[in-house]
């Protein structure tokens with residue numbers, strides 16, 4: 001059987017990496033001096049200089065929280081992109097050694113059926129890659145067009161330059177420089193991430209092949225034992241591939257988590273300061289979605305690795321072990337015990353790549369945003385009488401909010417039907433997509449758009465319900481921030497009563513059974529996936 005080329009799936013990805021200067025091809029190092037100079041020139045001029053101008057700009061705007069937030073979240077993203085490139089270049093030899101494992105006999109599909117078995121995994125990576133790249137490209141285009149549609153000499157990125165950019169031709173030169181700089185760092189960032197996504201995808205594809213080999217173990221004791229030995233070697237190589245991949249990307253994942261949390265918080269803070277929906281608000285919103293997509297794919301692929309590797313013990317069980325001698329059974333028991341612990345991709349053994357981590361990052365970013373937002377919020381202050389009057393207004397306002405929420409909640413009981421219908425429709429649509437032979441076909445696009453629409457409809461319900469709960473849970477903290485310590489005891493008691501009443505956040509639920517929250521959104525997706533997998 002002809003050798004399967006795993007890297008053919010990454011043709012576009014590797015071509016772009018080579019174009020930006022961080023993939024010398026089959027060479028394990030930068031042997032060409034010209035290619036090395038090409039990378040150094042791009043990294044220094046297009047990334048280093050741009051980051052330097054933004055750092056200098058911080059010293060001029062650090063007293064303005066809004067301007068500081070607008071500079072920091074872009075700067076953090078650019079620094080993370082540069083760090084990814086340097087880590088990638090530094091570990092080129094390790095990357096090639098990791099990919100050589102895929103060319104070993106154990107990692108090769110043994111039949112046409114196994115080639116078909118891994119095709120959905122390859123298609124899933126392609127779909128994620130092209131969707132993510134298309135989204136970021138359109139977002140980048142909008143980001144660069146907004147300054148042109150605005151009045152005055154505005155630039156895509158707020159930076160400091162030792163000359164005036166509000167006159168020609170300085171403005172045009174700086175604008176084109178920022179276009180090339182931001183396009184370069186975006187292309188490098190996307191494709192380095194996509195390459196690491198592919199490593200995770202290869203791990204779970206190898207787990208699929210191993211499960212298929214284990215479940216079809218048969219034959220006489222000699223043949224069975226030889227096949228079992230091959231499976232043990234294959235599992236050892238999968239574990240080695242996963243460990244090497246994890247050691248390669250663990251610092252990147254940690255930086256991605258930290259940067260995404262900060263960028264989400266700062267961008268949401270900027271959105272909260274926008275009084276009317278305008279072009280800048282749209283760009284910020286699209287940036288938030290891009291960060292979430294980037295982070296979600298990492299966590300999704302990490303979850304897939306854990307799920308696929310957890311199926312290996314079951315594959316051992318469904319083989320024909322019961323017809324084998326005691327020695328073979330003992331070997332299978334040892335293999336099964338070793339596989340009880342699923343493969344998990346982590347950031348320095350602290351944060352696992354999983355959907356639960358994704359939700360926790362979103363919550364943490366929201367918490368940081370609330371802290372920033374509260375800096376601009378109204379604080380209770382004034383004389384005792386004024387304080388009492390304002391407190392009374394706040395108590396009445398809270399009562400109206402609770403009354404409004406309870407009335408609205410009675411209407412939202414119909415959401416139970418939405419949750420059940422969405423779960424069923426997602427499972428059926430995924431099943432229809434799995435039956436499509438070619439990813440690029442007329443049947444795929446309608447199903448994919450319908451699947452996205454159902455997910456977005458459900459996500460908005462859960463997101464807005466989650467917002468209600470988070471916003472209402474911030475009321476006790478707002479009370480604590482007020483000038484309560486300078487008020488008489490009677491007023492402090494009143495505030496304590498209100499604080500205790502606000503400890504229970506407002507929750508929107510369906511029949512008081514299923515709260516509208518992001519956690520339940522993930523639960524619904526998991527349930528739909530379980531129905532589809534069956």
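From the backbone N, Cα and C atoms, a Cβ is placed for every residue, glycine too.
Please treat TrEMBL annotations as automatic predictions, because they have not gone through curation.
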Requested in this report: When you get a sec, could you say which of 281-301, 302-322, 323-343 is annotated transmembrane segment by TrEMBL?
Outcome: 281-301
Query raised in the report: For the record in TrEMBL, which of the ranges 411-433, 434-456, 457-479, 480-502 is the transmembrane segment one?
Result: 411-433
Query raised in the report: According to TrEMBL, which of these ranges is transmembrane segment: 248-269, 358-379, 380-401?
Result: 248-269
Report task. With a Cβ cut-off under 8 Å, give me the same-chain residues at least six positions beyond the ends of the transmembrane segment (68-89) that come close to it. Result -> 20, 22, 30, 39, 43, 47-48, 50-51, 54-55, 57-58, 61-62, 95, 157-158, 185-186, 188-189, 192-193, 195, 248, 251-252, 255-256, 259, 262-263, 266-267, 269-270, 372
Query raised in the report: Does the transmembrane segment (281-301) come near the transmembrane segment (411-433), with 3+ Cβ pairs under 8 Å (pairs 6 or more apart)?
Result: no
Report summary line: Most Cβ pairs under 8 Å to the transmembrane segment (175-200), of 37-62, 129-150, 411-433, goes to 129-150
